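Each remark here refers to the structure printed beneath this line.
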Amino acid sequence: MNPTVIDAALARSFGLAAEEYDRVLAIMGRVPTLTELGIFSVMWSEHCSYKSSRIWLKTLPTTAPWVIHGPGENAGVVDIGEGRAAIFKMESHNHPSFIEPYQGAATGVGGILRDVFTMGARPVANLNALRFGDPSLPVTKRVVDGVVRGIGGYGNCVGVPTVGGETNFHPSYNGNPLVNAMTVGIADQDRIFLSAAAGIGNPVVYVGSKTGRDGIHGATMASAEFGADAEEKRPTVQVGDPFIEKLLIEACLELMATDAIVAIQDMGAAGLTSSSVEMAGKGGVGIELDLDSVPQREAGMSAYEMMLSESQERMLIVLKPGREDMARAIFEKWELDFAVIGRITDSGRIVVKHQGRTEADIELAPLADQAPLYERPWVEPAKPAPLGPVESPLPPGAALLALIGCPDLASRAWIWNQYDGTVGGQTLRRPGQADAAIVRIEGSRRALALTTDCTPRYCVADPETGGAQAVVESWRNITATGATPLAVTDNLNFGNPEKPAIMGQIVAAIRGMGEACRALDYPIVSGNVSLYNETEGTAILPTPAIGGLGVIDDGAAATGIALAPGLDLVLIGETSGELGASLFLREILRREDGAPPALDLAAEKRNGDFVRRQIHAGAIAACHDVSDGGLLVALAEMALAGNTGIALAAIPEGIAPHAFWFGEDQARYVAATADGAALIAEAAAAGIPARPLGRSGGDHLTGPDGIAISLSEIRAAHEAFFARWFA
């Protein structure tokens, strides 16, 4: 076999630009080995280095008195009271999920679970944020089916409930679906494990599954656009085993109950390379690996293959000296591989040995903290033209049926029913029951409120407003349950950052997110960036997905959206009828134009704090924020959840019925209460806009402008899309 020629062309095929390869040559002072080039290519990939976004991410607010660990660790950590901490993060598996939908989605779930339990937390909930292409295309149906089965197959088997998420459709995702997975875990605050290696001479231990050839250069693939050859990249998709993951969780948590661990890191993107480099780099030490000791699933694996493999269900641990036998006994009890594969050194370098040869010897700093950092050219996104007058071709009732049955609003029961949302017995509110999932903290009355949110059509119209709106909708959804929002994890999904227009979207969205987080005291504590989400030059809609976490003192008292008969309905917040970039505009008029609804961050905070106070005071029996589709959609969703009709009140003068019912003005909630007049009076005293909307009861939605629809008709429209699609 001829030896591989190491040159700029090979480096380019690995994802390194010409100037980056020149930088490698300068750092090394020689031509790198194949293994060294592979290590540089994955560590300098967009997926691992954040080289295009890092300077902008640093502008985000990340601290608060309740934040224990912010960005920089495997996941964010926040104080949730009673000596406990919530550990959570969201991460993407976009590119693999188009090539191999089932395994791409499944291993996305597995990877984010490991990010959380590697810090000492028992995972208690999974969520997701999914974006798919045009439903009329056969490929979209194939991807949706595979992704949903993959999420359910992995999460159900590993025993962690999938409790919430969101799903949108748009042609921009035709060749590039987004699969963003979020995991939340709970740990004792004094038992949190970090990834910084320490202790010269300490053993470095490999645990979990054996290493195979799956996933090699997965991080590089996730840092490039798709072309017409996407199907040929199937070997770069990892293969997961949720049963092994379950054993790995239990074995790691058992070891964590001892005092044996110095540092621990999962082998995620870039596998053994990223885990070893990050652990040693964070600790300011060196690391030496002997690949002869790595458990291997396939014969004849090279050092290059072992270092870049992304085989799943693997962890790297630095142990205290003398604890190897005790740790080995734990992992062998759980029928997992355990091997001492290296040691910590004082060299500040990563040294990789295999079959008596040194295959890599690289200074760590250029691989991690001193990796390339770019301030790419960008242009400020143009503000959209004003929408102008909009007429409706349909009366409100017919428009409601069309909207509530459209792919973006149709019932997700077909999806939810494939997920086990109650395994573990702590889920108090599932999808469709409340604006956020509610998961009880074991051994406590307290509970977590969890949600994922983003409105991509706002983000493409105005990335700054869209980025901010994703944050505030997350905050509203948590607030509507009565919980206090604490912190955010994000997943920034964009196109090619080398294009100034796309880079401008990234900059503007991050700016908007930061403004909203500061206004709401809602810091970002972890996250992920997924760029190059383009297929043959066409980018996805900018999609800065937000995962929100809050806490409520009594989870059983969390407010849902289901109406009971005999309640007054009150609208909290101002309505002017903003239809720009709305779902009504897209689905009814087939238009995607106009500015998204304006944001008033002070009003968001004021209105939300008022709603939360009233929930705590027992004045609100059900609550729903107003978002996609506007007010009439929110009311219909509440009616369906409680199987109770509504007699709607007259609308205010001076606003068109379709604008009132379907405008997507922000900072609004529908509150159901036993005494509407009293709630409106409380709002007036607090300077909060509020108006009566009607009263619950019966089995129809009735009101002005000819609205008279039975709940059965609304339900049939709402449930038809997925049932028909997958019949």
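Just so you know, glycine gets a Cβ as well, placed from its N, Cα and C.
According to Swiss-Prot, the feature active site maps to His47, an assignment based on sequence analysis. With a 10 A radius on its CB, His47 (active site) counts 27 other CB atoms from all the protein chains.
Annotated ATP binding site per Swiss-Prot: Tyr50, Lys89, Asp490, Gly527, in sequence order, evidence recorded as sequence analysis. Of all Cβ atoms in the protein chains displayed, 19 besides its own lie within 10 Å of the Cβ of Tyr50 (ATP binding site).
Summarising the annotation, Swiss-Prot assigns Mg(2+) 1 binding site to Glu91, Asn528 and lists sequence analysis as the type of evidence. Asn528 (Mg(2+) 1 binding site) has a Cβ environment of 23 other Cβ atoms inside 10 Å.
Per Swiss-Prot, substrate binding site is recorded for Ser92, His93, Asn94, His95, Arg114, Gln238, Glu310, Ser311, Gln312, Ser530.
Under the three-state DSSP scheme, His93 (active site, proton acceptor) falls in the coil class. The active site, proton acceptor feature in Swiss-Prot is assigned to His93; the stated evidence is sequence analysis.
Sequence-distant neighbours of Asp115 (Mg(2+) 2 binding site) (same chain, 6+ apart, CB under 8 A from its CB) are Asn74, Ala75, Lys89, Glu91, Thr183, Asp266, Gly268. Per Swiss-Prot, the feature Mg(2+) 2 binding site maps to Asp115, Asp266.
Per Cα geometry, Asn528 is the residue among the recorded positions Ser92, His93, Arg114, Gln312, Asn528 nearest to Tyr50 (ATP binding site). Geometry remark: Ser92 (substrate binding site) versus Asp490 (ATP binding site), CA distance 10 Å. A coil conformation is recorded for Tyr50 (ATP binding site) in the three-state DSSP classification, outside any helix or strand. In space, His93 is the closest of the recorded positions His47, His93, Asp490, Gly527, Asn528 to Gln312 (substrate binding site), judged by Cα positions. Here the Cβ of Ser92 (substrate binding site) has 27 other Cβ atoms within 10 Å, regardless of which shown protein chain they belong to.
Proximity to Asp490 (ATP binding site), judged by a C-alpha distance within 10 Å, picks out none of the recorded positions His47, His93, Asn94, Arg114, Glu310. Only Asn528, of the binding-site residues Asn94, Arg114, Glu310, Asn528, have a C-alpha within 10 angstroms of the C-alpha of His47 (active site). Taken residue by residue with DSSP, Gln312 (substrate binding site) is part of neither helix nor strand, so it is coil.
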